[in-house]
């Protein structure tokens, strides 16, 4: 009994001490936050009045991306704001959302934003800030690629053409001090605009790319380091900077900056084994800082004029994407949505040499899952979405319907003026020798060169040669003393890819003969060693071996993308000719060589106020080569004789209720019926299609 009582007293004593201790310690521990709560506060709570020091984080560690402390798999896609009208940005982004994407990647083309030195443009289709804010509103994060070189099948790889007029010549994509000074000025305007939109500042931008595939071009590490320094100056030390290079040791050696200052991503041909390339990628990143990322997973391919339209198999593409995603790799679809090369901004490539010139189509459809006009009812969209859905952290939204297209029917056009009758409206520069388009200040479109030579009275005629012309030159001659008042006659065409001398016909002329050379800039090279691609006549012009001097250069003021139509009197002249057409005799195309005379044609169609304005395509089948504008908007180039593109995409926002005016600048052979058609679908079956289909 005594032992039992003693035990009971002992238990009561320890219970008493425990209560005292608990009473003292509980208030103390109550003042301390739990470790898990502290971690969650840091990782998941947004900046508030209670937590004003919180900074959103997107970071790399353990060979993974981390967003707000959680692993993040980038399933992204390229969608370029400058290839889609602003009115359609949200529509295309929502379609990317329905595909399952969580990230949008886009280039920033310097030439769109600074078309003239010192003249900046961030409005309309160039309103980058609005596009980025829209991406965030719709739940995307953004990988931004501000260059200064972007490639992207875009004129001069995004560099402004006026860089080519600077003397002494700049060394693009290098540590040339004069070039870097201009890059610093450009980034000094651009980067402060995007700094508030960095992820750490509350915006959508998680990563910013330095240059683009530099390892395929050069090995100037000082250049890359300088770009990093400028980016850090404006964007700070926390944002992830990255490079993208082909998945080979050589390109990665040349294009990356070793260490942890810049993350190295890779791209490679769809169908290559991805994981050995991702292992190679690790060698060019700091330990633990190499999440596998294909920053350009090709969903299709580009197409040049004269080729068959590029296509890739839907199931094959989806299966290759699955090989990356199923092992927690990240990928950015290039392209998710291609869009359109409106105006004169298409790029070009070369083959084995500078003369093996291959300009890109107006369409940048790219055989992407979201087609040029936004259509998603295709096998590739479905196949890719099915794969992405397996790895998405969220349920995918429903797939929107395709935007309705409309056949507006046939438009009969009238000839409103010959080019040579309009040259009094053009700015002119005189020089002893031909000078480049860039030196004249004509960055895009066409430049007309005119000189004179003495008539030669023998049957064999004269031989004219232009050793270097970029890119295509139509040649005409006229005799001002003849009864036709010197109406130019077509002689032939020089082409960069097929440059042969021309024989001029023997012309009995009492005065000197005028020689006209109309040169078209068909798009500057955007990739490869010949990117310093000036346009126009780049050599002397020879007549029977003798150099011709005394040139006048006339600039054709045709409207380009995002330009004010008021500064384009040539289109206004065409409008004027069309508007007054009923009051005067219509100009009829004539047979023979006259059919090759460049001329303007105009027509109109109406949309009732009661009808909804819809997308359409303008079919130029039966026409030769040129450009087309609708309501002062440059839809782009057409060349159905070469193919494969027959129809140009016309987004609904270009059109309006009431009267819509179409102006065609035809370089050689108009449709015999002088008619164009507005149809409801694309067509890539024109031309001889001599090249093989690019098929993966």
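Note: Cβ is positioned from N, Cα and C throughout, glycine not excepted.
In TrEMBL, annotation is done automatically, which means it is predicted and not curated.
What TrEMBL records for this protein:
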{"type": "ACT_SITE", "residues": "213", "note": "active site, proton donor"}
{"type": "ACT_SITE", "residues": "296", "note": "active site, nucleophile"}
{"type": "DOMAIN", "residues": "65-390", "note": "domain 'Glycoside hydrolase 35 catalytic'"}
{"type": "DOMAIN", "residues": "434-556", "note": "domain 'Beta-galactosidase 1-like first all-beta'"}
{"type": "DOMAIN", "residues": "598-660", "note": "domain 'Beta-galactosidase galactose-binding'"}
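Of all the active-site residues given, namely 213, 296, the one with the smallest number of surrounding CB atoms inside 10 A is 213.
Summed and averaged per residue, pLDDT over the domain 'Beta-galactosidase 1-like first all-beta' (434-556) gives 93. Counting residues per DSSP class in helix, strand and coil order gives 4 helix, 52 strand, 67 coil for the domain 'Beta-galactosidase 1-like first all-beta' (434-556). Remark: secondary structure over the domain 'Beta-galactosidase galactose-binding' (598-660) totals 3 helix, 32 strand, 28 coil, with classes taken from DSSP. Between the C-alpha atoms of residue 296 (active site, nucleophile) and residue 213 (active site, proton donor), the distance comes to 11 Å.
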